[in-house]
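Scroll down for the structure; my scribbles are underneath it.
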């Protein structure tokens, strides 16, 4: 379980994340939603120690992340940011192999090799593994980076807008993969999603942020309500139900 | 992998061949004296070119920029200023007041002090803004260079000629003792670098990915910048400003070995730079009969190659 206690992050006197306290349950898909500038990505970055909070504590498996060795922490938590620009000639399997760095420090053993192959198969990248990453399409590239995170084999996977720039087909494909990761491998997935319907369809929990604060946190069906969503996004929502899943219509 | 091993072997053979040619061709009758002279020169060339190559590859990895060299941080400007100031103060008595060895150690001290001050200023709050560091280095470097130019303008022309000798890289008068100190220090640095080549590979992926993969990015950046500072200042104090070589040799290496692995890139780049310095030295000795300097030759070739890189990048 990840617990956040009074997390505050300020950029040049502008508080972006204000005093956030949150308990993120294990083995679930949790979506962070909110409008632009609500502090979702910053919060995610702070949890993944890519950003340093000004105040507050992050506790992973009952231990403060500051007490972890960086290498050990990388075996528990991984993050994938939204822009993964590479100006390197790197083959798919080489990039995925980097995911094993926290364990082997670059000298791959047979376990590492197995994990890499497993990750490649899991993301259906077996045919692409010898291709160069910069020659792939957006959807394929996203799968490759996801494969690297899968190879890293951490309990917690943080994703910053994993559907950014992907079309509907590839978005659904990625979400299905994340679902499988959660179900088959028991991973906890915490992600920032822009499309409220993707959050509604695929996540177990939703945390809604507004101007740096957690407005609502709870099970998905409790959060997807017209009143609450209007409060968070300042636009009107109409909620439709289909197969026990809620779909939001906000095209007014 | 085989293609890379093949290229490495060819490069190694070429390097060793050139070294042998340089050592043994046209040996005069009293060959032992000449051989000793030439060996010192060769050792200096190998040590300095490896230092420049290693520092440049690491620097380009840290900044993820392939047309920068560590000289942008202003080490050489500090060296220029120090050399100018001592001549400015002591004039033609310089060599009596400060001998070659003291000059060597004081130059290194100045450059490391400079590095230490700007690192300290910028790494205060775990915020390592590398680009700000480069900018400050660049601005201070320009300032030092301007101050040096001003001092050079008002010193005696004869003293200026004395100064000029130390402002161009030269392998023609290497102090034997200093060479040993320099080699020892640089070998130590290479040792540290080779312990962390895998970390350098990860750092190519950028800051966030490095942190994600458990590299202590902040500390590692500091360590590598510190190593670069030592490599550059020791080689500069030994033979004069030489980091301009960096752009040429690193890019040739990237072009030859299309790999991201520093285990291969660093040794390959070392060999490429040994080969290019040897060729330039050959041109200096045989074509220009010592009437030109190695800096001019390499700057000329490097400049042309740099323009080629820019035009190529524009096309893409």
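For all residues, glycine too, the Cβ spot is worked out from N, Cα and C.
The transmembrane segment feature in TrEMBL is assigned to B:42-59, B:71-91, B:103-123, B:130-155, B:178-202, B:223-244, B:264-284, B:291-311.
For the transmembrane segment (B:71-91), the neighbouring stretch richest in Cβ pairs under 8 Å, chosen from B:178-202, B:223-244, B:264-284, B:291-311, is B:223-244. In terms of C-beta pairs under 8 Å, the stretch of B:42-59, B:103-123, B:130-155, B:264-284 lying closest in packing to the transmembrane segment (B:178-202) is B:42-59. Simply put, out of B:42-59, B:130-155, B:223-244, B:264-284, B:223-244 has the most Cβ pairs sitting under 8 Å from the transmembrane segment (B:103-123).
With a threshold of 8 Å between CB atoms, the same-chain residues lying at least 6 positions outside the transmembrane segment (B:130-155) that come near it are 62-63, 68, 71-74, 76-78, 80-81, 84-85, 87-88, 91, 114, 118-119, 121-122, 163, 221, 225.
Tertiary proximity for the transmembrane segment (B:264-284) is limited to same-chain residues at least six positions away from its ends with a CB under 8 Å from its CB atoms, namely 4, 7-8, 11-12, 14-15, 18-19, 22, 41, 45-46, 48-50, 52-54, 56-58, 171, 193-194, 197, 245, 248-250, 252-254, 256-257, 290, 292-294, 297-298, 301.
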